[in-house]
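This report concerns only the one structure given below.
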Amino acid sequence: MIRPALPQQQTAFSRRFCVAPMMDWTTPHYRYLARLISRHTLLYTEMVTTGALIHGDSDRFLHHDPEEYPLALQLGGSNPGELAQCARLAEERGFDEVNLNVGCPSDRVQNNMIGACLMGHPALVAECVNEMMTATHLPVTVKHRIGINGRESWDELCEFIDTVSATGCRTFIVHARIAILEGLSPKENREIPPLKYDWVYRLKERYPHLEIIINGGIKTLDECQAHLEHTDGVMVGREAYHNPWLLADVDPQLFGAQKPIATRHDALRQMLPYIESELARGVHLGYITRHLLGLFHGCTGGRQFRRYISENAHRRGAGLEVLEQALALVPESLDSAALST
Ligand SMILES: Cc1cc2nc3c(=O)[nH]c(=O)nc-3n(C[C@H](O)[C@H](O)[C@H](O)COP(=O)(O)O)c2cc1C
């Protein structure tokens, strides 16, 4: 049954450039760093399942720092009532958007009817989205693939979008390849099925009233600019994690705004008070620093920086001095003249 949705929040943020949800990667620590480097990027959490939120330690799964806003919570699930409950939690906890994962191909989640397998059940996805929209004022968005094996035609993709958008959902984040649900690992499913960007462009042409965000294999801001000729936004995953300084040009190049921070050294230094408070909460330094290792990607001294942290951050009692020592291994004068790789 389609019930009237609550009026959705007026978005005070843009989806022109987003960092993708990535399990174990887009943790609060990574997101804090990303936010120091770009004010305008929309950040996504790792996927949290409805089961984990409802029956587990919801405080832990929803933990974030207000500095990270704008921030979207990604949910995994297919029980409309549970998704509605979790969407309400997202609103109570200050998130800016709730996103439903219809793209993850892992066996573990398929067994629970979570992720890409839901592309085979458009009516169920619509029911889930409708219940979520009824439960929250937050924008409810869907991240999906262009298909799954056995359901990979253009018409089936359009049937999915038609059915889900009939709820009033207007934002679709499209990973421009199919997922193959048997026989490929999640990693292979991010590499082997060919990217079909033209399909995402065609979606925008066919559904001009919908907001279409393109995802998959995007590595540079020049590529982002090219995609933005055809779509409303871009979502970047792996490259934004391995090379977070990519975000430094997002505000000036994609939003016409000032660069929020001048150098990588400044970014790390500005992060120190946050790290100190996390250490005081009992978080181990190594859990934080593993997400900072990409900061000097492609820079002279970058390898030494990574090695020093990897060798020292896990030692007992390791504190900020490890980062200060690591930072000293990267020549500051060379910082802005980083080599491109
Ligand atoms: C380590 C890792 C974890 C991921 N976890 C999620 C997830 O929790 N939810 C999701 O929708 N996609 C997840 N993805 C997929 C990404 O969001 C993205 O769709 C994919 O990596 C393609 O974008 P890219 O080529 O820019 O990395 C994950 C990707 C990686 C590399």
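Cβ atoms here come from the backbone N, Cα and C positions, even for glycine.
As annotated by TrEMBL, domain 'DUS-like FMN-binding' applies to 19-326.
Counting only residues at least six positions away in the same chain, the Cβ atoms of PRO21, GLN74, ASN99, LEU100, ASN101, VAL102, GLY103, PHE172, ILE173, VAL174, HIS175, ASN215, MET235 sit under 8 Å from the Cβ of LYS143 (FMN binding site). Taken from TrEMBL, the feature FMN binding site covers PRO21, MET22, MET23, GLN74, LYS143, HIS175, ASN215, GLY216, GLY217, GLY237, ARG238.
Marked as site 'Interacts with tRNA' by TrEMBL: ASN101 (among others).
The Cβ of CYS104 (active site, proton donor) has MET47, GLY76, ILE114, GLY115, ALA116, PRO186 as same-chain neighbours under 8 Å, each 6 or more residues away in sequence. Mapped onto three states, the DSSP output places CYS104 (active site, proton donor) in coil. According to TrEMBL, the active site, proton donor annotation covers CYS104.
Here the Cβ of LYS187 (site 'Interacts with tRNA') has 9 other Cβ atoms within 10 Å, regardless of which shown protein chain they belong to. Annotation source TrEMBL lists site 'Interacts with tRNA' at LYS187 (among others).
Taken from TrEMBL, the feature site 'Interacts with tRNA' applies to ARG190 (among others). DSSP classifies ARG190 (site 'Interacts with tRNA') as helix under the three-state reduction. Within 10 Å of the C-beta of ARG190 (site 'Interacts with tRNA') there are 18 other C-beta atoms, taking all protein chains into account.
As annotated by TrEMBL, site 'Interacts with tRNA' applies to ARG303 (among others). Using a 10 Å radius centred on the Cβ of ARG303 (site 'Interacts with tRNA') and all shown protein chains, the other Cβ atoms total 13.
Other Cβ atoms within 10 Å of the Cβ of ARG306 (site 'Interacts with tRNA') number 19 in total over all chains. Look at TrEMBL and you will find ARG306 (among others) tagged as site 'Interacts with tRNA'.
In the vicinity of ligand 1, defined as a Cβ distance under 6 Å, the following of the recorded positions LYS187, GLY217, ARG238, ARG303, ARG306 are placed: GLY217, ARG238.
Of all residue pairs in the FMN-binding list (PRO21, MET22, MET23, GLN74, LYS143, HIS175, ASN215, GLY216, GLY217, GLY237, ARG238), the one with the greatest Cα separation is 20 Å apart. Using a 10 Å Cβ-Cβ cutoff, ARG238 (FMN binding site) registers 15 neighbours. Nearest neighbour of ARG306 (site 'Interacts with tRNA') by Cα distance, taken over the binding-site residues MET23, GLY217, ARG238: ARG238. Among the binding-site residues PRO21, GLY217, the residue whose Cβ has the fewest other Cβ atoms within 10 Å is GLY217.
Reported as a whole number, the C-alpha separation between LYS187 (site 'Interacts with tRNA') and MET23 (FMN binding site) equals 12 Å.
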